[in-house]
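**Q** What TrEMBL shows for this protein is this:
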BINDING   89-94, 141-144, 176-185, Asp211  FMN binding site
BINDING   Arg301, Thr538, Ser599, Arg600, Lys605, Lys606, Tyr607, Val608, Thr609, Asp642  NADP(+) binding site
BINDING   Arg457, Tyr458, Tyr459, Ser460, Thr475, Ala476, Val477, Tyr481, Gly491, Val492, Ala493, Thr494, Trp680  FAD binding site
DOMAIN    83-227  domain 'Flavodoxin-like'
DOMAIN    282-524  domain 'FAD-binding FR-type'
TRANSMEM  20-39  transmembrane segment
Amino acid sequence: MENSEGVKIESTVVTEEPLISALDIALFVVIITVAYFWYFKRDKQSSSSEKKPYTIQPSSLSSIEQTSNSSFIKKLKSTGRSLVVFYGSQTGTAEEFAGRIAKEGARYKMKGMVADPEECDMADLVEMKEIQKSLAIFCIATYGEGDPTDNAMDFYEWLQNGDADLEGLNYAVFGLGNKTYEHYNEIAIYIDQRLEELGATRVHEIGLGDDDADIEDDFVSWKEKLWESVCSHYGIEETGEESNIRQYKLVDCSEVLPERIFSGEISRLKSYENQRFPFDVKNPYLSKIAVNRELHKSGDRSCMHIEFDIDGSKMRYDTGDHVAVYPKNSSELVDKIGELLNADLDAVFSLLNTDEESSKKHPFPCPCTYRTALTYYLDITSNPRTHIMKELIEYASDPKDQEKLKLMASSTPEGKKEFHEWILRDNRNIVHILEDLPSVKPDLDHLCELLPRLQCRYYSISSSPKVYPKSIHITAVLVNYTTSTNRVNKGVATNLLAQLIPTNDELPQPTIPIYIRRSQFRLPPKSQTPIIMIGPGTGLAPFRGFIQERDYARKEGREIGEMVLYFGCRKKDEDFIYENELQEYVANGTLTKLHLAFSRDQPEKKYVTHLLEQNADELWNIIGEKSGHLYVCGDARSMAKDVHSIIVKVVMEKGQMTNSQALNYVKKMEQQKRYSADVWS
């Protein structure tokens, strides 16, 4: 026999015994049984951990069974639908447009549904031809430097790498983009062309929405012509039935226990009380505000330096990343809605999808109070779109208010003009509309269904994790402005942040939900590579992190390349942010050159673009002769475009190239990540 260590023991008994006793056999069976159950339980847990946990997802695709969650074809067939509208959305607008199209399908005898491509097996597009008079519509946004949205990334890569036969698929594409960006609607254009290459039939020409102008008008105009093409293609006629049927029904939740009521959590109930790593868009980290200080020295404007404490969160960031901040609406505006509609904001309710098979059971976390919904989940400060005007008509008791809403909801030239002037130009939000059209008294639950979700705000991180591993810094300008109606509109996130001032250690510190969004805005892999940074105003933010990281490398004894910074603001004595820090980096040699432009410190305005033109030799020396990197951060509408034009001009003149050659050179720089932009409009 053997002991527990497997060493054979000599027996002093003369009688011969079996090598394996009954007890050994019993123990062996027990061990095998335990191992069997342990192995398969572990395997099951491993498999389940790889599945996505249930969250409130921006989708309307059924998931009664595990398989139907990815097979939208089965959903279409089982529910007698022929229209599916996919969306690629980063801020919620594309999802909203998709929902409006799917809803209108009923007017054209096409029962529709909305689907998130991230939750679908998009290879099933090959089976669309099996459904009679079927149509797939794609509402696709482009963001960043010509990137697909997070939820459309897999679909985009599938189109790039796959070679599916999509003959028999009928489709149309509407893109959401911004003309101030170089890669305007690049993803939608690619998808539209690629679907055709794979054999699909384009039912209607691509629509290109410009968020820098009037994307609502672009969408409505395209949508009207889309249905004309659909009717022609399928030989159908509009039924004339209005499509303003409620998608959600009100459920009274006054008897629900307090611990089952959402109070502002993004997805998981009580997630702010029981924080769990990892933290992301659906599970943000409740960070303490460690520092909140004013950066402007004088003047009537404000720029805040804010530090989020991430110690103990296990969150990691890289220099150049963004941090997403979840804001909340001001209590003043929320109370105003309750007052205007004579509603009990503390009543507990839920909105339940009338489509019982939909996986999107609620438009936002439910049950909750109306106050919670209006504070944390709904956007009450942006300009409402035309479909909201249409839905409000039935609640107007004054004929004049009714006619005004009808006009703005229409697609006539007069209606578009009125909507543009009264809503967009005068910057009216839903509160202003209810104030100025006093007879309009919508049911609060219906209003909650109509309003879009409140979105998180993104800020460039202005620190380096090498120097500040336990905190994230941002640089944010306080947004306040007076409209033509003499109302003061306030930025939702910045005005909230301005109120979150840390106190002494004895009192609880203010907190706010955040998560990190990865970026492609990165320093060169080698610290010796020279770089040029162009960042006027708060465009300086990511470069503060860049400089910190290079300074850290220098202090470690590593060689660092040239660092040239172009910074501009209005007045040196007013809004020169981080002045002392920058001067110190110049003094210790980390920052090779600091070019400054103070636009209002002299009679003629002077901007960073003027300095770039004056320093053409230096620019070419770094990006041409030394293969350095160039970075731009800030306003996309004018500054970034002007910088791009100047760079092309410098390459032409100093590199002795034609305009075409210079454009190709700059394009190659972008492809090699030697020319990067982190811009906004």
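The backbone N, Cα and C atoms fix where each Cβ goes, glycine too.
Any TrEMBL annotation is an automated prediction that lacks curation.
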**Q** Measuring Cα to Cα, how far is Lys605 (NADP(+) binding site) from Asn178 (FMN binding site) in Å?
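**A** Here the two Cα atoms are 28 Å apart.
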**Q** Determine how many residues of the domain 'Flavodoxin-like' (83-227) DSSP places in helix, in strand and in coil.
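**A** Final tally across the stretch: 65 helix, 35 strand, 45 coil.
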**Q** Relative to the Cα of Gly92 (FMN binding site), which of the binding-site residues Val477, Gly491, Tyr607 has the closest Cα?
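**A** Out of the listed candidates, the nearest Cα belongs to Gly491.
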**Q** What mean pLDDT does the predicted model reach across the domain 'FAD-binding FR-type' (282-524)?
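**A** The average pLDDT of the model in the domain 'FAD-binding FR-type' (282-524) works out to 96.
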**Q** Which of the listed binding-site residues (Arg457, Lys605) has the least company, meaning the fewest other Cβ atoms within 10 Å of its Cβ?
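**A** Checked Arg457, Lys605; of these binding-site residues, fewest Cβ neighbours within 10 Å: Lys605.
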**Q** Write down the Cα-Cα distance for Gly144 (FMN binding site) and Arg457 (FAD binding site), rounded and given in Å.
**A** 14
**Q** I'd like the Cβ neighbour count for Ser599 (NADP(+) binding site), meaning other Cβ atoms within 10 Å of its Cβ, all protein chains included.
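**A** Looking across every protein chain shown, the total is 16.
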**Q** Can you grab the distance from Ala141 (FMN binding site) over to Ser599 (NADP(+) binding site)? Cα atoms, rounded to a whole Å.
**A** 35
**Q** Give me the Cα-Cα distance between Trp680 (FAD binding site) and Tyr181 (FMN binding site), rounded to a whole Å.
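**A** Taking the Cα atoms only, Trp680 (FAD binding site) lies 8 Å from Tyr181 (FMN binding site).
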**Q** Which residues in the same chain, at least 6 apart in sequence, have a Cβ under 8 Å from the Cβ of Ala493 (FAD binding site)?
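**A** Looking at Cβ-Cβ distances below 8 Å from Ala493 (FAD binding site), excluding near sequence neighbours, one finds Val325, Pro327, Arg457, Ala476.
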**Q** Taking only the binding-site residues Tyr459, Thr475, Gly491, Tyr607, Thr609, which one has a CA atom nearest to the CA atom of Gly144 (FMN binding site)?
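**A** Result for Gly144 (FMN binding site): the nearest of the binding-site residues is Tyr459.
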**Q** Between all pairs in Arg457, Tyr458, Tyr459, Ser460, Thr475, Ala476, Val477, Tyr481, Gly491, Val492, Ala493, Thr494, Trp680 (listed as FAD binders), what's the biggest Cα distance, rounded to the nearest Å?
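**A** In whole numbers, the farthest two Cα atoms are 23 Å apart.
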**Q** Please name the residue among the binding-site residues Tyr181, Tyr184, Tyr607, Trp680 whose C-beta has the most neighbouring C-beta atoms within 10 angstroms.
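**A** Compared across Tyr181, Tyr184, Tyr607, Trp680, the most Cβ atoms within 10 Å surround Tyr181.
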**Q** Could you round the CA separation between Gly491 (FAD binding site) and Tyr184 (FMN binding site) to a whole angstrom and send it over?
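**A** Computed Cα spacing between Gly491 (FAD binding site) and Tyr184 (FMN binding site) is 26 Å.
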**Q** Starting from the Cβ of Thr609 (NADP(+) binding site), draw a 10 Å sphere and report how many other Cβ atoms land inside it.
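**A** The answer is 20.
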**Q** When the Cα of Arg301 (NADP(+) binding site) is compared with the Cα of each of the binding-site residues Ser89, Asn178, Tyr181, Tyr184, Tyr459, which one is closest?
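**A** Result: the closest of the binding-site residues to Arg301 (NADP(+) binding site) is Tyr459.
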